[in-house]
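Per TrEMBL, these features apply:
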DOMAIN    3-129  domain 'Phosphomannose isomerase type I catalytic'
BINDING   Gln86, His88, Glu113, His241  Zn(2+) binding site
DOMAIN    156-222  domain 'Phosphomannose isomerase type I helical insertion'
ACT_SITE  Arg260  active site
Amino acid sequence: MELTGWVKNYDWGRKGIHSAVAQLAMANDPDFRLNEEESYAEMWMGTHICGVSVVKETGETLDRVLKKDLPYLFKVLSISKALSIQVHPNKCEAESLHKERPEIYKDPNHKPELAIALTPFVALVGFQPVEDIRDFIDEFQPLSKLIGKEAVDRLHQSPNSETLKLCYEKLMKSEEADVAKCIKDIVKNNQKELKSNKLLEVFNKVNSDFPGDVGVLSLFFLNLVHLQPGQAIYLGANEIHAYLDGDCVECMACSDNVIRAGLTPKYKDVEQLISSVIFEGADAGRKLFLPYHIDDHVQVYVPPVDDFAVIHVAIKHTVDTYKLQIQPYGSILITLEGSRTLRLNTSAGPKEIVLTRGSIVYIPVEAAPEIEFAPAEDCGENFTSYIATYNYFRKA
């Protein structure tokens, strides 16, 4: 089944044709009309109630056709300014939060997620080693003053997860006026220190987008990660993060639960974030999530959860037909570049679909044990696609 993705126009998305989401939406849906002044942030592919994909041929929503929800939600993101400082609840928390505040926490599911860069991509991921955070607090005196001598002294005496929590909680619960003054003082007095720590550009950009927001000061607590296309990060439950810039493919458990505490006009639930987040420092290099290679054309990102895995298919234009072995689970494929003829079995018999940039296809369980990528008429460039599926690789 060929699908139409669901486009989300959040303020942080890239505008007009500069958005990869808009580009893919134009290629995917002939009825899509581009507005150069509109922000195009996300394209959703799946069965989540907040953005269900539609079957092109019939106009039915995918959840109604399948008569069930897929365990994952697949997305493309195009980011121009920071997403919120956030964590995603674990399964137990998600059930409790949804029951207590369903208007904020939209479903009872956890939301581990994987982001794979399509362009150079910048994100804040997890806490830095506690000793590095301590050194930042010492170097930027307005920050030290804001957090307070007692908490900073305890961090020096015992640099561990407990004192990290104490300092970060003091920061996040500071009065807005005090936070704004701290940021203003850093801008005025610490340009040299920002530059030497390679934070000047990102600090100024985030502060420009969210002036005086407490999330700006999270730059001194969280790992700043720069990804190149194909590199990935995995965010488990309760891991603090914020995407800052770039385009990515994202896959997660079928959920829209986000606990926010900064860099957002949306509801901030600081108490819940402090309660949920894992206060554990680690080096930025440990945040990269590596795929494993099936062969020269396919690699797989296999997170430590059952809900989803992502298959990256990259076939050179010189290759004839490529056969991909799959298991009998419903999957969603999106084509990013090139053209191939997809051959697969369906309940109605064998089928061929010409894939081009923007093509989104639901691959049914009947397609197992293999699908074929055959040359298409216009096959002068390399072919790239991503496939979201149930994580059967963990059971292999």
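We number each residue from 1, going along the chain as drawn.
Cβ coordinates are placed from backbone N, Cα and C, and glycine is handled just like the others.
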Cα-to-Cα gap, Glu113 (Zn(2+) binding site) vs the residue listed as 'active site', nearest whole Å: 16
Other same-chain residues whose Cβ falls within 8 Å of the Cβ centroid of Gln86, His88, Glu113, His241, the recorded Zn(2+) site, in sequence order: Val87, Lys111, Leu235, Glu239, Ile240, Val258
The domain 'Phosphomannose isomerase type I helical insertion' (156-222) - residue tally per DSSP class, helix then strand then coil: 51 helix, 1 strand, 15 coil
Pairwise Cα distance for His241 (Zn(2+) binding site)/Arg260 (active site) [Å, integer]: 10
Whole-number mean of pLDDT values that fall within the domain 'Phosphomannose isomerase type I catalytic' (3-129): 94
Site of maximum Cβ density within 10 Å, from binding-site residues His88, His241: His88
Secondary structure content, the domain 'Phosphomannose isomerase type I catalytic' (3-129) (per DSSP, counts of residues): 27 helix, 40 strand, 60 coil
Rounded distance in angstrom between the Cα atoms of His88 (Zn(2+) binding site) and the residue listed as 'active site': 9
Cβ neighbours within the same chain of Gln86 (Zn(2+) binding site) - under 8 Å, at least six residues apart: Ile240, His241, Ala242, Val258, Ile259, Arg260, Ala261, Leu273
